[in-house]
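Student: This is the feature table in TrEMBL:
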type    : residues                                                                               : note
BINDING : Thr236, Ala237, Glu238, Arg267, Glu290, Asn388, Ser390                                 : L-serine binding site
BINDING : Arg267, Ser268, Glu269, Val283, His284, Gln285, Phe286, Glu354, Val355, Ser356, Ser357 : ATP binding site
DOMAIN  : 172-415                                                                                : domain 'Aminoacyl-transfer RNA synthetases class-II family profile'
Amino acid sequence: MINPKFLRNNIEEVSKNLSLRNFILNIDKIQKWNKIRKNLQLEVDKLRSQRTLQAKKIHILKIQGSSIEILKKESFEINQLLSIKKTQLDSIKKKINDYYYSIPNLLSKDVPLGNNQSRNVEIKRWGHPKNYQYKIKNHVEIGENLHQLSISRAAKISGSKFVLLCDNIAHMHRALSQFMMDLHTIKHGYIEYYLPYLVHKDMLYGTGQLPKFYNDFFYVTSYYKKKYHNYTLIPTAEVPLINLMRNEIIEEKTLPIKMTAHTPCFRSEAGSYGQDTRGLIRVHQFDKIEIVQIVKPEQSMQALEEITLHAEHILELLCLPYRKILLCSGDTGFSSCKTYDLEVWMPSQNIYKEVSSCSNTSDFQSRRIKLRYKDKKNKKIQFAHTLNGSALAIGRTLAAIIENYQTKDGYIVIPKVLRSYMQGKSIIQ
C-alpha cells in the first residue's frame, strides 16, 4: 500500500498521480475519517490515563484502609466508556485500512500517459516474423492434426478453458520449463523454490491481487479436524514467493534476493472471449516461470531493467520475434509503479501476444507484508522494494513455438536450444 503518512501529508499530489491511472481518490472521505480517528485516539489515550490514575488512587486508599467504593464505581464507568471508544476507534481504523487497500500504487514519473493499452509505448522489436510461402495454421489446428493437443478431451474432464497435451508436444512443454529454469538459476543467479499452490487469502492481499481482483481466482474449502479451512489456488508464483519474506527484517548484505519458481497458475479468466479462449492463450490452468527480486529502493529501477532482460534472453535464445512495451498509466497494474510487457509474434493472428509482464512494485507490497531491511549505514529499518516478472508463461511460449516453427506439412521444428532437453529430437511429426 501507499505510505499512509505520505498520503496524509501530500494528499493532493497523491490524488493527481492516481488520477493518471483513472483512479479517483476520495479526499473528503479520507480527511473526514482521519479526523474522527485522531479525535477518538485522543479520547482513548485520555481514558487510559484516567484509568491508570484511578488504579494508583485505589492502591493508596487500600494501604490506608480507606473506602474505595466510590473510586471503584468511577473506574467501572471509565472502563465501560474506554471499551466503547476503543470499539469505535477500531471500527474507523478498519474503514481507513480497507479503503487504503483499494488504492493502487503511485506511478513512476517516466510512465507514459494514457487511458488504455492503445497508449502503450513500443520500446523495441527483436527478430523478424517469417514470410511463409504456404497457408499457416494456428497452434490448436497444428496440435490437433498431430493428435498431441486436444481441447475436447480436456473439456470431457474439466469443461471449457482447459487444454490437454500429450506425446512430443507435452514433452516440449516440459523441456521449456527445464530450459527456462536452468537459464535463470545457472546464468541469471536466481535461487529455485518449490512452493505451495494453495495459499491463505491474506497472501493475496499482501501482493495486491485482493481486494480488487476477487472474481479472478479459484477458492478452495476443505473440512478436516472438525474445522473448515479456506484457501486460494495461486494465480502466479509471485504470491507465495513475495510472501516468503512476510513480517521479516532482513540484513542489507543479503540484498538483492533473487528467487524463481515453476508453478501451475489458476485464473478464472472471467469475461474473456474470442479466439484466445480456444487453445493455450487464455485458460484456467497454465504453467509459468516467475522471477522475483527484493532490492534496496535505489536499485529497483535498474532491477526492473535486469528482470526484463532475463525474460527477453529466453525469447532470443528461442529465436522468437518479440517486442518490448512500456505500459501507459491507464494500463499499468494495480500494484506496479512501472511495467514492461513482452509480446511474442503469433503468425496465425498476425499480431504480437503478451508472454511476459515485468513490474517494479516499489515498496507497495513490502508495506502490506511488512518486509523490511536494516540499513547498515544509518541503522534504520526501511521497506525493501519488490519486483516480479513472468519469464515466461510456458503455454503461450509453446503456442508461439508451434506457430513460428511450423512446416508446410504441419510438423513442428524443435528450437535448437530445446533439443538437448528432448533426447536430441529435431522435429515433431
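Including glycine, each Cβ sits where the backbone N, Cα and C put it.
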Student: Give me the CA-CA distance between Ala237 (L-serine binding site) and Phe286 (ATP binding site), in Å, as a whole number.
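Tutor: Cα-Cα distance, Ala237 (L-serine binding site) to Phe286 (ATP binding site): 12 Å.
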Student: Using a 10 Å cut-off between Cα atoms, which of these binding-site residues sit near His284 (ATP binding site): Glu238, Arg267, Ser390?
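Tutor: So far as Cα distances go, the binding-site residues lying within 10 Å of His284 (ATP binding site) are Arg267.
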Student: Can you tell me how many other Cβ atoms are located within 10 Å of the Cβ belonging to Ser357 (ATP binding site)?
Tutor: 22
Student: Got a sec? Which of these binding-site residues, Thr236, Asn388, has the most Cβ atoms within 10 Å?
Tutor: Asn388
Student: Between the Cα atoms of Glu238 (L-serine binding site) and Ser357 (ATP binding site), find the distance and write it as a whole number of Å.
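Tutor: Given the Cα positions, Glu238 (L-serine binding site) is 12 Å from Ser357 (ATP binding site).
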Student: Within 8 Å of the Cβ centre of Thr236, Ala237, Glu238, Arg267, Glu290, Asn388, Ser390, which other residues of the chain have their Cβ, at the recorded L-serine site?
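Tutor: Checked against the 8 Å cutoff, the neighbours are Ile234, Pro235, Val239, Leu241, Thr263, Cys265, Lys288.
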Student: Give the number of CB atoms, excluding that of Glu238 (L-serine binding site) itself, located within 10 Å of its CB.
Tutor: 29
Student: Distance check, please: Cα of Ser357 (ATP binding site) against Cα of Asn388 (L-serine binding site), rounded to an integer number of angstrom.
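Tutor: Spelling it out, the Cα of Ser357 (ATP binding site) and the Cα of Asn388 (L-serine binding site) are 8 Å apart.
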Student: Roughly how many Å lie between the Cα atoms of Asn388 (L-serine binding site) and Val355 (ATP binding site), rounded to a whole value?
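Tutor: Cα-Cα, rounded: 14 Å.
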Student: I need the nearest neighbour of Glu269 (ATP binding site) among the binding-site residues Thr236, Glu290, Ser390, using C-alpha distances.
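Tutor: Sorting the binding-site residues by distance from Glu269 (ATP binding site), the top entry is Thr236.
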Student: On the Cα atoms of Arg267, Ser268, Glu269, Val283, His284, Gln285, Phe286, Glu354, Val355, Ser356, Ser357, which are listed as binding ATP, what is the maximum pairwise distance in Å?
Tutor: 19
Student: Using a Cβ-Cβ cut-off under 8 angstroms and a sequence gap of six or more, which residues of the chain neighbour Val355 (ATP binding site)?
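Tutor: The answer is Leu315, Tyr322, Leu342, Glu343, Val344, Ser390, Leu392, Ala393, Arg396, Thr397, Ala400.
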